[in-house]
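Per Swiss-Prot, the features are as follows:
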TRANSMEM  73-96  transmembrane segment
TRANSMEM  159-182  transmembrane segment
TRANSMEM  198-222  transmembrane segment
TRANSMEM  294-312  transmembrane segment
TRANSMEM  349-372  transmembrane segment
TRANSMEM  388-414  transmembrane segment
TRANSMEM  436-458  transmembrane segment
TRANSMEM  533-551  transmembrane segment
BINDING   Cys575, Cys584  [4Fe-4S] cluster binding site
TRANSMEM  591-612  transmembrane segment
TRANSMEM  666-688  transmembrane segment
BINDING   His677  chlorophyll a' binding site
BINDING   Met685, Tyr693  chlorophyll a binding site
BINDING   Trp694  phylloquinone binding site
TRANSMEM  726-746  transmembrane segment
Amino acid sequence: MRISPPEREAKKVKIVIDKDPVSTSFDKWAVPGHFSRTLAKGPKTTTWIWNLHADVHDFDSYTSDLEDVSRKIFSAHFGHLAVVFIWLSGAYFHGARFSNYEAWLSNPTTIKPSAQVVWPIVGQEILNGDVGGGFQGIQITSGLFQMWRASGITTELQLYVTAIGALVMAALMLFAGWFHYHKAAPKLEWFQNAESMMNHHLAGLFGLGSLSWAGHQIHVSLPVNKLLDSGVSPQEIPLPHEFILNKDLIAQLYPSFGQGLTPFFTLNWNEYSDFLTFKGGLNPVTGGLWLSDRAHHHLAIAVLFIVAGHMYRTNWGIGHSMKEMLETHKGPFTGEGHKGLYEIFTNSWHAQLSLNLALFGSLSIIVAHHMYSMPPYPYLATDYATSLCLFTHHVWIGGFLIVGAGAHAAIFMVRDYDPAQNYNNLLDRVLRHRDAIISHLNWVCIFLGFHSFGLYIHNDTMRALGRPQDMFSDAAIQLQPVFAQWVQGVNSAAAGNTAPNALRNASYAFGGDIVSVGEKVAMMPISLGTADFLVHHIHAFTIHVTVLILLKGVLFARNSRLIPDKANLGFRFPCDGPGRGGTCQVSAWDHVFLGLFWMYNSLSVVLFHFSWKMQSDVWGNVTADGAVSHITGNNFAQSSITINGWLRDFLWAQASQVIQSYGSALSAYGLMFLGAHFIWAFSLMFLFSGRGYWQELIESIVWAHNKLKFAPSIQPRALSITQGRAVGVAHYLLGGIATTWSFFHARIISVG
């Protein structure tokens, strides 16, 4: 007798590994380019070293066996994790060995965090600035001190032990990477078992991960932070294991601990509301989110994800099947709906990676916005340098991941997409009306570009002609962001309605009180006006152009009217052969190349907007009578409404600290500012140049070498067009990002 129909049969979990599939051979790996027959022959021309770097991680080019590619990626993930653990270990070791963490912990409002002391070689010790408490070192802006305090670390010994633990984990990861490729490698069906993967990732990674973190926060972080907030010296606070072993210690701080698990099993959960809270707002002592709110949050997340990890059908015939869900997902106008998508995601890792990069990139930018509006860690909000750097960091990371999503979506289209498997499903229908999508996007970009920039040009012209009454500004013709103001109002009015007994709204950015710590503003209501409306439309413009470029690259990756057989030319190609004029720089790779520049444009405006807005309207000092004096004195609303204002009152005015940093502890940023400009300018040499020029130059240099009987055995070649563009964009972004980094650092460390 069958309980479920045959197609609902459970996926039985089997042993799905191969034993000893690949021998461990150092002799093979020692040969440069061992992964490619052509490269393994060694260099004939200088192009060899470029191809070596371009192809070393392109596992698709080694083999078309999906199982082998999957194993290589899986093994590489362990290698990546090992690098992450080594990097973390270094950060913790610096905290343990070279930092003023314990001094900062006892006085976080006046002492600045430092975890690097420069050795006195050729006068570099000038970089060791006075960070307070008699400590000389480089001020750090990673936010690690704040995170360590939040997790309950009170001594540098604890950091030291954690650093050693991270190295042990790194060794374990390296071993796992070798073991799961050479000794016990999973079969393809293991990688393709989407339901089991979802269950384990949701319940295990997110669910149990959050649960264990909630446990740590409740048993270690909460009591330690409560004592620190009360002014108890870090040396007098019991060690973490004492709180866990001695219930009376923690019951003095949180009385419900005295009752043990009785309220849990009698469903009287309200008893635990002394350490699982819904306060909302920020802790007035530290300017960070309430730790008891965060413990509550992680516990709730754990419950949700552990439940979610039981959603998908594996051994027992209950739960969702990914394939069924996707194929049932049809609308009235969407043809076959998502039929064929399951096969795409289980056979193309590029497609899966693309989706994950798009989601994680967006998430990183969302994180950036929450780090200042709802600062999660104690004393983070008043460390303006760290706030600015964390915002900048998460925004750049998000931008790169989103461009990566476009890149891998295009690689999927070129290498993995099978039109026969995708007839009349949503993906096919999007591809068939791609001209409408791209031309509409193009129109939107033109509209936004002319109108957003036009508003600024109007304002510059009116200000130049001495007609302030005719400008778009809060003092003349107002363009108030009414929808954004409505969202702010709804959120500030919602306190108490969004969560049971919540005392404050989620963020003071929406409205409410000024939270100050140590006479500095941690967070306060952010008022929006005409200036924000204008720059917001520049954001809309630059983001839409980035999307246009990336999406055009994906939708036209396989073919176009110009090159119907593009898929045969591959992901990157310079031109469609001789005699086909106008077919250069149209590969999917070239779209990623252009997308990177617009991503950089887009995010530069975002970072400049954030930096200036916060200095003008949020960050500053609070006097005894509650008056706030902001760093740049509210000049954003009137100065940022002209292009000239951005150049004069933001870029030029705020660059004074980095330009005048020579001879001070910030002088490294002055050198970086200069050097990064040079790297950026160097990129232009590759971007504004033709390959022929370089090849011709090389020929004459080779001629001179031959004359002197000094000719190299490896023939010099100019970079290919694609290589030149790659070198150009890499230096453009490195130069641009390092310029921004040094500009922000010198400015905000001086004034923040």
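The first residue you see is number 1, and the count goes up from there.
In case you wondered, yes, glycine gets a Cβ from its N, Cα and C as well.
Small disclaimer: the values here were computed from a predicted structure and weren't measured.
Here the features listed in Swiss-Prot are painted onto the structure.
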| residue | record | Cβ contacts under 8 Å, 6 or more apart |
| --- | --- | --- |
| Cys575 | [4Fe-4S] cluster binding site | Thr583, Cys584, Gln585, Ile721 |
| His677 | chlorophyll a' binding site | Gly735, Thr739 |
| Met685 | chlorophyll a binding site | Gly728 |
| Tyr693 | chlorophyll a binding site | none |
| Trp694 | phylloquinone binding site | Ala718, Leu719, Gly724 |
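Long-range neighbours of the transmembrane segment (159-182) within the same chain, counting only residues 6 or more positions beyond its ends whose Cβ lies under 8 Å from a Cβ of the stretch, are 20-24, 71-72, 74-79, 81-83, 85-86, 88-90, 92-93, 95-97, 101, 148, 153.
As a quick check, the transmembrane segment (591-612) and the transmembrane segment (73-96) miss the bar of 3 or more Cβ pairs under 8 A, pairs 6 or more apart, so the two do not touch. For the transmembrane segment (666-688), the list of distant contacts is 126-127, 129, 657-660, 719, 724-725, 727-732, 734-739, 741-743, 745-746, 749-750: same-chain residues at least six beyond its ends, Cβ to Cβ under 8 Å. Under the DSSP three-state reduction, Cys584 ([4Fe-4S] cluster binding site) is assigned to coil, being neither helix nor strand. In three-state terms derived from DSSP, Cys575 ([4Fe-4S] cluster binding site) belongs to neither a helical nor a strand segment and is classed as coil. Just so you know, the Cβ of Cys584 ([4Fe-4S] cluster binding site) picks up 13 other Cβ atoms within 10 Å once every protein chain is counted. Trp694 (phylloquinone binding site) falls within a helical segment according to DSSP.
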